Amino acid sequence: MREIVHIQAGQCGNQIGSKFWEVISDEHGIDPLGQYHGDSDLQLERINVYYNEVQKKRYVPRAILVDLEPGTMDSVRAGAFGQLFRPDNYVFGQSGAGNNWAKGHYTEGAELVDSVLDVIRKEAEACDCLQGFQFTHSLGGGTGSGMGTLLISKIREEYPDRIMTTFSVVPSPKVSDTVVEPYNATLSVHQLVENTDETFCIDNEALYDICFRTLKLTTPTYGDLNHLVSATMSGVTTCLRFPGQLNADLRKLAVNMVPFPRLHFFMPGFAPLTSRSNQQYRAVTVAELTQQLFDAKNMMAACDPRHGRYLTAAAIFRGRMSMKDVDEQMLNIQNKNSAYFVDWIPNNVKTAVCDIPPRDLKMAATFIGNSTAIQELFKRVSEQFTAMFRRKAFLHWYTGEGMDEMEFTEAESNMNDLVSEYQQYQDASADDELNETIEQAETE
């Protein structure tokens, strides 16, 4: 079976990671102690993708929980599903990274990294045929960003041919925890560009907007935000966990979604968006789902797809529905919005359908877009980075851990290159190549 090893690092990573396990355990009929109480064989058919079976019918998540301080781990362990995880797979330090990327990447994190790799190795060796790794973390803090990217590069060294997927929470100006977020995020993106195959950019600002505007929650908590993230993660991984009419695994997803290796930052979306309380009352049609999916308000990254063009996109529908309906609606939306899809990748929207809907919904859909508009997000972080870096503000926290200013300069220019690459493909059209060929022919 194609197994996935899940790693969650830092406070944010552990919070969204734990929520993800709650959601999928529920979908697979697994209680907080790992016992199966489901009602359908489909729940167990591909359970090994995410769980190890220990004794008869007891399932343990193939998850590794990492942090540089014990606090978050303690609350996970005390939470509803705390007894589900394997006790040896909690790996934590005592010192904390203090929201400092350098501590996570070079000093504190580097000391803990070998014990984490031992656990990862152990999980990977127990796999029948390891498909890849999925990582949940934030880019704004110290552990998830600094130590997270360190782990990713180490795993990359050891398993170069396995897919590396990350769910990365990008800092946003409206929802800020620390003033040095732009530094941490830029240094992280510098790593992610080189070392991951697919990165789902989740943005707190977008999540807040969804809670506020669409779900009409007046004071959204992190719990509400994490609820949205887990719905999306559950949707993205549906195809891996359940049999369906059109299936995807991490590698197929990467092949369809990534036209150029550096441009693998996706914006996820989810439909129908309903708040936790009034989920059960809404009937949805395939047409409505498709409409909602491509709506800018539904994107989990705070950038507007109408400001760019889609290089590629994928939609994953869940529930009992006719494939014909789905195909018609997807074609329809592409024809209506053809200006927003690049014309030099024909058929750049892929669809998958899985028969099993999420709890309390008859139908749902998840959207993954590789849009050039994601550059807005990088631009935003980059501007904040430059503003501080010009004055060398807060740099001593990083140089004190042995970092060099050069590294900041490199990270900054790598981020700017990424933005220009997106811009270049946004402006490119199929006719350009044609015109160039004609011009060359004329000059010759």
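Cβ atoms here come from the backbone N, Cα and C positions, even for glycine.
Record check, Swiss-Prot: GTP site residues include Q11, S138, G142, T143, G144, N204, N226, and the candidate from E45, E53, E69, E111 also listed there is E69. Cβ packing within 10 Å was compared across the binding-site residues Q11, S138, N226, and the lowest neighbour count falls to N226.
Note: G142 (GTP binding site) has non-local neighbours G10, L68, G96, A97, G98, N99, N100, W101, K103, G104, N184, i.e. same-chain residues 6+ apart with C-beta under 8 A of its own C-beta. When other Cβ atoms within 10 Å of the Cβ of E69 (GTP binding site) are tallied across all protein chains shown, the result is 19. G142 (GTP binding site) falls outside any helix or strand according to DSSP and counts as coil.
Around G144 (GTP binding site), a 10 Å sphere centred on its CB holds 34 further CB atoms from the protein chains shown.
Counting every protein chain shown, 35 other Cβ atoms lie within 10 Å of the Cβ of T143 (GTP binding site).
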